[in-house]
Structures are given as C-alpha cells and as structure tokens.
Amino acid sequence: MRSNDASNLTCETIAAVATPPGAGGVGIVRLSGPAAAACALRVFQPTASGFSGFEPRYMHHGRILAPSISPAGADNARMVDEVLAVFFPAPHSFTGEDVVEIHGHSGPLVVAEVLRTLLAAGEDLGVREARCGEFSKRAFLNGKMDLVQVEAVAEAVAADSPAGLALAQTRLAGGLGRRVDDLRSRLEALRTQLCVAVDFPEDEVECLAPEELASGVGGLVEALDALAGAASRRRVWEEGALVVLAGRVNAGKSSLLNAVAGSERAIVTDRAGTTRDFIEERLLLDGLPVTLVDTAGLRADGELLTGEMDPVEAEGVSRSRTLAARADLLVLVLDGARPEPLGAPERELLGHVDLGKVLVVLNKADVRAPETSPAAAVAEALQDIGLGMVEIVSISAATGQGLDAFTQAVRRRLAGDDAAPRPGELAPNLRQARAMERAASELRDLLADIEAGFPYDVLGVRLETASDILAEITGAIASEDVLNAIFDSFCIGK
Ligand SMILES: Nc1nc2c(c(=O)[nH]1)N(C=O)[C@@H](CNc1ccc(C(=O)N[C@@H](CCC(=O)O)C(=O)O)cc1)CN2
Ligand SMILES: Nc1nc2c(ncn2[C@@H]2O[C@H](COP(=O)(O)OP(=O)(O)OP(=O)(O)O)[C@@H](O)[C@H]2O)c(=O)[nH]1
Ligand SMILES: [Mg+2]
C-alpha cells in the first residue's frame with residue numbers, strides 16, 4: 001500500500017479523550033474528520049456574544065451543554081463542563097484533517113461525559129469513537145509524520161531513562177527518516193543508471209561500469225551496517241537490562257539491592273531464607289536503565305534434597321532459577337565471611353546458566369579475616385569451573401565499600417565502554433534495524449551477483465527489493481500488517 005493513496009482516507013469523524021485518565025489540570029477531547037466542527041458546534045455554547053463560528057486556531061471560551069432529556073428542550077440543557085474549544089481546519093492540523101479540541105477540566109468522569117455528549121450529538125454526522133492509534137494513523141496517512149516519527153512519539157512517551165528519551169527525540173525530529181530517505185535515493189540513482197544501461201546496452205557512455213555499481217552498493221552496505229550496529233549497541237540504553245542477584249542464603253543479596261537502590265527496599269535479617277519471593281527495582285546505573293532483581297537464596301544441597309524446605313521457600317528458589325536463566329547479567333553474590341565462599345549451591349547454580357553472563361561479587365569485605373585471601377581462593381575455584389576470566393568485585397553491602405566498582409562493572413558488562421547516547425545521535429529501533437539488516441543482506445547478495453557477472457536486469461531486481469525494504473522503514477511503502485502492528489500498540493486517543 002502506498003501511504004499517500006487518497007482512497008485510504010476515511011470520511012468518518014473520530015473522537016476520543018486525548019489526555020490520561022485521572023485528576024489533572026486540563027483534560028482534552030479531540031475530534032478529527034470532516035464533521036469535527038459541525039459536531040462541536042452542536043454542543044458548544046460560546047461565551048462571546050459576537051461568536052459566528054470557530055475562528056481557526058483561536059481558543060474560544062464557552063460551555064459544553066448536554067441536550068436536556070426533558071421535553072422543555074434546549075433551555076434546560078445541562079452544563080457538562082466549562083471549556084476552551086479550538087478548531088484546526090484541514091490540512092493544517094495534527095492529523096491533516098479538520099480537528100477540534102475541547103479543553104475541559106481533567107477528571108475521568110468529566111472528560112468521559114464531554115466525549116459522550118459529542119458522540120451523541122454527532123451520531124448522524126458520522127462521528128464515532130476512535131480506535132487505538134487512529135489519530136496518529138491519520139497523521140501518517142496524510143503525510144504529517146513518517147513511520148519513524150510515529151514510533152518515536154510512542155517511544156518518547158514510554159521512555160524511562162534520559163538515554164532512551166534522547167534516542168526517541170532524535171527519531172522524532174526526523175533525522176533518521178531523512179537519513180533512510182537519503183540512502184534510498186542513492187540506491188534509486190544506481191537503479192536509474194542501471195536501467196539506462198539495460199535500455200541502451202550499446203550506448204557505452206550511459207553504461208554504469210560493474211565496478212562503479214559495486215562501489216556504490218558497497219558504500220550503501222557500509223552505511224546500513226553502521227546504522228544497524230548502532231541499534232544493537234544502543235538497545236540496552238533504551239530498553240534496559242535485567243540484572244539478577246543470586247547466590248546462597250545470607251550472602252547479602254538483599255543488602256546489596258538496598259545499598260544500590262539507596263533504600264530499605266528488601267527485608268534483611270541474619271536468618272537464612274529471609275527473601276522468599278523476588279523483589280525488583282528499576283534504577284539507573286550510571287545512566288543505564290537496569291531492573292535489579294533480588295531473589296530467594298539457595299541452601300546447601302542436603303537441605304534441598306531432604307525435602308525439608310517449606311513449600312513457599314521451595315517456590316521462591318525455583319523462581320530464582322528461572323530468573324537467573326533469563327538474566328542479561330547474573331550477579332553471583334558470594335558470602336565472603338565463609339571459609340569457602342564458592343560451595344556446592346553456587347556451583348550447582350552456575351551449572352545451569354550461561355557463564356558468559358556471570359559477574360562474581362565477593363561480599364562482606366568488612367568482616368574478612370585479614371590474613372586469609374578469599375579473593376584468590378575464589379579466583380582459583382572459578383578457574384576450575386571455566387570462569388577463570390571473570391572479574392571478581394570485592395564489596396561490602398554493609399559499609400558501601402566497593403559499590404562504585406560494582407556499579408561500573410555492571411555497566412561495563414552490559415554496555416561496554418560506550419558513553420550514554422547524546423542528543424542528535426541516530427540509532428534505529430529494532431524494527432527499523434531489522435529492515436536495514438535485510439536490505440544490507442540483499443545488497444551483499446547483489447555484490448556477489450555483480451562479481452559473478454550477472455546481467456543488469458537481474459541485478460536491477462535486487463536493487464529494487466532493497467529499495468522497497470528501506471521504504472518500509474519510513475512507511476513510504478508499508479504493508480497493512482506493519483501498520484497495524486504499530487498503531488494497534490497505541491492507546492485510544494493517540
Ligand atoms: N493540544 C494539543 N497539544 C499537542 C498535540 C495535540 O494534538 N493537541 N500533539 C499531538 O500529538 C502534539 C503536537 N503535535 C502537533 C503536530 C502538528 C500540529 C499542527 O497543527 N500542524 C499543522 C500546522 C503547523 C503550523 O504551521 O502551525 C500542519 O502540520 O500543517 C499540531 C500538533 C503534542 N501537543
Ligand atoms: N558484615 C557484613 N554483614 C553483611 C553484609 N551484607 C549483608 N550482611 C548481613 O548478612 C545477613 C544476611 O543478609 P541479607 O541481605 O538478608 O542476605 P540475603 O542474601 O538476601 O539472604 P536470603 O534472603 O536469606 O537469601 C544480614 O544479617 C546482613 O546484615 C556485609 O557486607 N557485611
Ligand atoms: Mg534476601
């Protein structure tokens with residue numbers, strides 16, 4: 001489907017509450033479509049005596065009146081809310097259609113009643129409640145935003161870290177869409193030159209030499225790889241990572257969570273088996289969004305096997321294992337006060353996880369006997385089980401010693417040495433990066449075909465395929481499935 005196909009535009013007028021439910025300063029109900037103004041005028045009573053219809057983009061003060069159900073008629077009309085109303089005539093509106101916004105008092109019942117009043121008044125005008133994402137979909141179909149920007153609005157709204165917001169803002173500004181359009185134009189230019197060569201094979205002047213074609217395609221592959229690579233490096237800054245604290249009972253996992261979170265989030269006692277269900281805390285570690293999860297501790301094998309553990313604790317331990325397997329980073333907390341910190345329960349746990357995702361923390365540095373060197377002993381024990389390369393961070397959750405080193409180690413393991421994203425940095429989201437990878441892969445196949453001396457018409461097909469894949473990113477060409485997947489994830493009123 002071509003996005004600028006006028007047949008996709010509907011003549012229905014849609015209405016929805018645009019602001020979140022709840023008490024607030026202002027609540028907005030939005031109408032979009034040809035009957036927006038006519039519908040609003042039926043229920044809007046202006047304050048100004050000289051009112052003769054909506055002046056474009058001017059805030060009119062007045063009231064929303066619900067037609068009375070009593071036979072006495074409009075004189076008895078009930079006041080629903082005191083509002084400001086504004087009309088944006090097409091095409092200069094958010095959706096590109098006629099838009100009316102009613103700014104009333106925020107409160108879930110008030111705005112719902114304003115909406116109901118409009119829907120009832122506009123029924124015969126084709127006014128109906130909007131579906132999820134329908135305002136944004138109309139804005140997209142009318143060329144007000146490309147698909148990257150539509151997604152960026154949702155990403156900006158959902159951002160829960162400054163880094164994630166910076167990436168979304170750059171996409172919203174349109175830079176990424178323009179970059180993709182630029183790459184696609186370069187591709188189309190190569191295609192045009194190829195077509196000339198196909199149409200006039202004897203005309204050597206117009207012919208693009210295979211080496212020139214290959215170098216043009218090679219440049220595009222490099223550019224696409226760079227962008228898709230940025231997406232995979234930046235994803236963790238936007239989506240965050242799951243960091244799971246696991247280990248033996250009493251090792252100090254809950255104490256560590258509290259120390260990092262800076263609050264007494266989890267219960268800490270000297271009793272083994274204090275934490276029974278997992279506890280999670282979303283925080284920023286050096287700007288990196290992380291979900292830190294404290295889990296129920298593992299006991300020594302014997303206790304597990306005799307079946308003496310109470311069922312609540314057993315379920316807690318089973319959840320710990322599931323979480324450990326899902327973690328982006330598994331922090332194995334060892335009890336440094338014990339003579340042998342890496343014992344049977346720890347080894348058993350490590351047997352079930354990806355060792356590449358493990359960070360070892362040796363806790364209780366404050367109480368270690370100075371003459372022993374548990375760090376060295378632990379390093380040796382880790383060597384035995386293939387974790388010789390793993391960094392061991394020595395901390396004390398009780399005194400805070402080593403916590404900075406721990407934070408930095410976590411950040412480095414999840415994001416490498418990369419600094420936080422800066423405003424203006426281009427990084428596609430997952431959908432966009434996947435499309436870039438598909439286009440790059442098509443172009444790599446094309447390079448092989450050029451090498452193999454395939455005829456230009458065959459090469460042209462691959463160029464066209466790659467170009468169409470790039471067009472999916474901005475939505476210049478987008479299937480109904482792609483559009484539905486994006487707009488259905490939006491809420492009503494967006
Ligand atoms: N009250 C209100 N605030 C809002 C929105 C809205 O719909 N209503 N928006 C909704 O998400 C965002 C702003 N997005 C908008 C995008 C374009 C236009 C608009 O009228 N564009 C016209 C004219 C621009 C001009 O020249 O003034 C156009 O594109 O032709 C309005 C809002 C955030 N704030
Ligand atoms: N001296 C010292 N004691 C600590 C340290 N960290 C934790 N503790 C103590 O160790 C005991 C257990 O701490 P928790 O944080 O509850 O341990 P846990 O790993 O969550 O234990 P479970 O929930 O039972 O699995 C408590 O008495 C803590 O005060 C530390 O760094 N130094
Ligand atoms: Mg605990």
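In case you wondered, yes, glycine gets a Cβ from its N, Cα and C as well.
All TrEMBL annotations are machine predictions without curation.
In TrEMBL this protein carries:
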type	residues	note
BINDING	R30, E101, K144, K494	(6S)-5-formyl-5,6,7,8-tetrahydrofolate binding site
DOMAIN	240-415	domain 'TrmE-type G'
BINDING	250-255, 269-275, 294-297, 363-366	GTP binding site
BINDING	S254, T275	Mg(2+) binding site
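Feature map: annotations from TrEMBL on the structure.
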{"residue": "R30", "record": "(6S)-5-formyl-5,6,7,8-tetrahydrofolate binding site", "CB count, 10 Å": "25"}
{"residue": "E101", "record": "(6S)-5-formyl-5,6,7,8-tetrahydrofolate binding site", "CB count, 10 Å": "22"}
{"residue": "N250", "record": "GTP binding site", "CB count, 10 Å": "22"}
{"residue": "K253", "record": "GTP binding site", "CB count, 10 Å": "32"}
{"residue": "S254", "record": "Mg(2+) binding site", "CB count, 10 Å": "25"}
{"residue": "T269", "record": "GTP binding site", "CB count, 10 Å": "10"}
{"residue": "A272", "record": "GTP binding site", "CB count, 10 Å": "14"}
{"residue": "A296", "record": "GTP binding site", "CB count, 10 Å": "27"}
{"residue": "K364", "record": "GTP binding site", "CB count, 10 Å": "24"}
{"residue": "K494", "record": "(6S)-5-formyl-5,6,7,8-tetrahydrofolate binding site", "CB count, 10 Å": "20"}
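T275 (GTP binding site) sits 8 Å from S254 (Mg(2+) binding site), taking the Cα positions as reference. Here the Cβ of T275 (GTP binding site) has 22 other Cβ atoms within 10 Å, regardless of which shown protein chain they belong to. Confidence in the domain 'TrmE-type G' (240-415), given as mean pLDDT, stands at 86.
Recorded residues S254 (Mg(2+) binding site) and A296 (GTP binding site) have their alpha carbons 9 Å apart, per Cα-Cα distance.
For K494 ((6S)-5-formyl-5,6,7,8-tetrahydrofolate binding site), the nearest neighbour among the binding-site residues T269, A296, K364, judged by Cα separation, is A296.
A272 (GTP binding site) sits 57 Å from R30 ((6S)-5-formyl-5,6,7,8-tetrahydrofolate binding site), taking the C-alpha atoms as the reference points. Proximity to K364 (GTP binding site), defined by a C-alpha to C-alpha distance within 10 angstroms, is shown by none of the binding-site residues R30, E101, K144. In sequence order, A18, S32, S93, F94, T95, V99, F135, S136, A139, G493 are the residues of the same chain, not among R30, E101, K144, K494, whose CB sits within 8 A of the CB centroid for the (6S)-5-formyl-5,6,7,8-tetrahydrofolate site.
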